[in-house]
Amino acid sequence: MAFVTMKHLLAEAKREHYAVGQFNINGLQWTKAILQAAQKEQSPVIAAASDRLVDYLGGFKTISAMVGALMEEMAITVPVVLHLDHGSSAERCRQAIDAGFSSVMIDGSHHPIDENIAMTKEVADYAAKHGVSVEAEVGTVGGMEDGLVGGVRYADVAECERIVKETNIDALAAALGSVHGKYQGEPNLGFKEMEAISRMTDIPLVLHGASGIPQEQIKKAITLGHAKININTECMVAWTDETRRMFQKNGDLYEPRGYMTPGIEAVEETVRSKMREFGSAGKAVKQQVG
């Protein structure tokens, strides 16, 4: 089964008031866990490679081939998007598209809005020629993302409206108080701004840094137009905690399969739980029919 784009996937989710989870891949076994979770839950899924981890994972072509081969070997039948997360430049997005990624995020959020729009339009124009969906970001999601530390800067409503109108993107990540990594204290999303941005742009919104956000805030974000929710930290913590427990119980373990398997199983269970929480479980059949 070929990769699908986010365009119709997220439009359907927004219309039906649920969200599709993006789960970042951190290796082959990690990818298997995400795909297996999606198949068991009959949920569409977005498997993402962060730009900063692409080289670590073997490059764009390796990632595309690995995910595609796993889908075939595992007989995956649910819709799978292969997405570039936080693409750092138009060139990196082009490389991902040429390697077979079905979706890319161009992150120009650290630049002035005019430059952000120009970068995004360049990517969107190239992606449109290849049938690939595009996500952009306005404002700054704080915290740590693969070693990059930044502060929170709320998205401006007018800037969000501009980037959507001028670039023809498929999804918008509007920074509204979420952070990458672990939260210090209670997350506090900007729902007033969220409602205004959703109304003005009328496209699927993306919630970055969703690990650790309380379920009631997640549900409210979905009702206010979020159709894609990104999870990475919770999966990493689940894997690390379980792997650490394995070594605490048996410090003599040395076979990777022996000490990694419980952690991978924890990742799968975390992904399944999030799919149920986001309301995407059981939606694969409708997505395929639609």
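Every residue, even glycine, has its Cβ placed from backbone N, Cα and C.
Feature list (source: Swiss-Prot):
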| type | residues | note |
| --- | --- | --- |
| ACT_SITE | ASP85 | active site, proton donor |
| BINDING | HIS86, HIS180, HIS208 | Zn(2+) binding site |
| BINDING | GLY181, GLY209, ALA210, SER211, ASN230, ILE231, ASN232, THR233 | dihydroxyacetone phosphate binding site |
| MOD_RES | THR233 | phosphothreonine |
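In this structure, the C-alpha atom of HIS208 (Zn(2+) binding site) lies 11 angstrom from that of THR233 (dihydroxyacetone phosphate binding site). Separating the Cα atoms of GLY209 (dihydroxyacetone phosphate binding site) and the residue listed as 'active site, proton donor' is a whole-number distance of 12 Å. Sequence-distant neighbours of ASP85 (active site, proton donor) (same chain, 6+ apart, CB under 8 A from its CB) are GLN22, ASN24, ALA48, ALA49, SER50, ASP51, MET105, ASN230. In the three-state DSSP reading, SER211 (dihydroxyacetone phosphate binding site) counts as coil. When the alpha carbons of THR233 (dihydroxyacetone phosphate binding site) and HIS86 (Zn(2+) binding site) are compared, the span between them is 15 angstrom. When the Cα atoms are compared, ALA210 (dihydroxyacetone phosphate binding site) and HIS86 (Zn(2+) binding site) turn out to be 15 Å apart.
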